[in-house]
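K.L.:
My questions will all concern the structure given below.
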Amino acid sequence: MDLLPVKVMDPALAEMGNHLSDAMKILEGGKLEGEAERRKLSWKDIPGPLQGDGQNVVSILQLVQTLMHGDDDKEGHRRMQYVGEQGHMALLGHSLAAYISVLERERLRKLTTRILSDTTLWLCRIFRYENGSAYYHEDDREGLLKVCRLVINAHYEEYGTEGFTVLSSKYPVIYQSAACRPGLGQHLCSQDVALLDKLVKDDRDSGRLPLLLIANAGTPGAGHTDKLGRLKELCLQYNMWLHVEGVNLATLVLGQTSSPVTAATKCDSMTLTPGPWLGLPAVPAVTLYRHEDPALSLAAGLTSSQPVEKLRALPLWLSLQYLGHDGIVERIKHASQLSQQLLENLKTLASIKTSVEDELDSPVVVFRFSQDHSSPSSGASVEGCYEEDRDILDALNRWLGEQLADQVPLCGVDVVELEDEGTCVRFNPLMTAAALGTQENDVAALLEKLTELIPVLSCTLRFRQEFRDEVLQQASLSYIADPSWPGLGVVRYEPRNTELEEDKSQERMEKINSDLLKKLIELDTDLSFSCGPEFSEDKNVIFIGMATEDLDVREIVETMVSLGRDVEESGKLFENMTEVVRRGILEAELQLQKANEEKLMEEGVLRQIPLVSSVLNWFSPVQASVKGRTFNLAEGCLDSTEPVYSIKAQTSKEASPDSPNKRFPGQKLFRRPGVGSDSMSDCSSVGQVEESSRENTLMHAADEAEVPQEQPSQILEESVSLNQRVPEGQETESVDVLR
């Protein structure tokens, strides 16, 4: 923000403007000097005692900036509201309010009266609300609370003295639209005016007092506008107070406004939120109302005799002057044009349904992904789907909204839950465009991203049932029904029953599924595998993400079964490894001891004496055979090595089987070779010829390389049959091999 002009008479005001400008530069200027070093000292984030000598303004602002941005080093993570020049004026208003509050009482009264009168007059003219008064409040619900007190005081003359006991004569009734935000009232009414009329008559006949009707000019969810003209007639008929609120009230500043919203100018009160509409931070909400008795307004709290409370309007007073009438109209018009741009393009997308078909002028756009074949006839609810299908579509639309919000953040879309439509994506530029700086190219980027995501949603919805059927055919996989998961599905690998205890069996299942998930994540594929949402109720399961057009569902299931079996088999080698090895060592020691005893019985005692054994071995050599042993880790037992060579010779001659799923060069896993571009088909055919030629060459080379070899047992027999003397110390001994 530019510095205040030198012509300012009060030097304190000039200094205040300069300090605000410097503060905004520090807070919005990114990283500070020495910020990286300070972040390493995490102990400074812990609250400590107040320093005795105090700190300067720059140090305090640096602390605030650090607390605001935390450890986010990337600018993309700092999605703060865009604070323009008009925002700086609003922030300056809060500083001025604190400065003005120290003025002498009479001067303060005159100044606050002028500020309050100007702001009220401007707002009433801008929003076409003639002869109105204004109440400024921080909480946007507080204005309605004060209005309720005003209406109660008007209908119950003794309320001020007797309090709530006077309400027992005729219980007051407050009517609220069913689409209103929750928490504003207990008695709800339908949007059907005729039904509301009958409801009011029944309440009057029952001795109740119809008091207040809360209507909407833009519901919080879908931006629907009630029939305000007809509701006003109903309120006049039964002497009720009509209060209107909603985002569509912002369009009253435009020259052309739909008739339902224009009828809001005739209501008894309305609540406006100019802060988000105009991109003004920390400005109060405003409730405009009409009432002739100032005493009742004072009793209800709509007016105050305290000058300091009137200073709430100061930030708005400064900002409205800075923007001017044309600037206010331009911002509201820009937001409405963004909505129309998005709405017109959404109607060209076959799989996208909008819920504002009867309100073309609504600045709120709510849309939802829906397959054409599941679309209902007119008047049907939620695509006419079953409850499970609705949950699946809700999950997909929730994923769609999150993706759009993350990848196109400047559009400010969010996810809303509507009673009839279900989960939808909402674009409400009147509440977000001014703060985020949304432009037409951002809406174009939103449409482009939406066009990319629609095929992914359609394929995922189409392949979910096929994936479920394939999983149910596998005994080792369990299909977990989770309609809230926006993906292909959820499965669990079920290991074979090993008659373990329940706790150990659960741990084993968790370990196998965890290792299987790691192997699936390591695969070269566009399909995502995860352990699911953070607070998911399903444990030890694998969540499969969104699908594409060329997805091979059967190959996914077969791969999961194959990898799961490998993980299960490999896990058996390590489950009780300590006990297996211990038993193997004990058995090996016993067999060594037995072999030594047999050697003693065979050779005799004399051959165990060193000098005597040499003489005996010289005259009568001992013919000993090699008795090898091997240790099988899988079975935990010792075996003879005699069948090893024969088995090895047989397996070396067997050809390895071909892979059931051959992969072409450049092709990722789980993709069908027939679906895709022509270039992929050409590359696949060339790859097949090259692979076949390469296999033939390798097989021919392997055949030539085979040479008959003598068996080790034959060599040993020949060497033993030779009648040769063995020198002392070189005799053959029995060997046990632990493998």
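Just so it is clear, glycine is given a Cβ too, placed from its N, Cα and C backbone atoms.
If you look up TrEMBL, you'll see 678-687, 710-724 marked as compositional bias 'Polar residues'. Feature annotation from TrEMBL assigns compositional bias 'Acidic residues' to 730-739. For 362-461, the entry in TrEMBL reads domain 'PDXDC1/PDXD2 second'. If you look up TrEMBL, you'll see 467-572 marked as domain 'PDXDC1-like third'. TrEMBL lists 649-739 with the feature region 'Disordered'.
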K.L.:
Could you put numbers on the helix, strand and coil content of the domain 'PDXDC1-like third' (467-572), residue by residue per DSSP?
P.N.:
47 helix, 15 strand, 44 coil
K.L.:
Do you know the DSSP helix, strand and coil residue counts for the domain 'PDXDC1/PDXD2 second' (362-461)?
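P.N.:
Tallying H, G and I as helix, E and B as strand, the rest coil: 60 helix, 16 strand, 24 coil.
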K.L.:
Given the model, what does the mean pLDDT over the domain 'PDXDC1/PDXD2 second' (362-461) come out as?
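P.N.:
Computed over the domain 'PDXDC1/PDXD2 second' (362-461), the mean pLDDT is 84 on the 0 to 100 scale.
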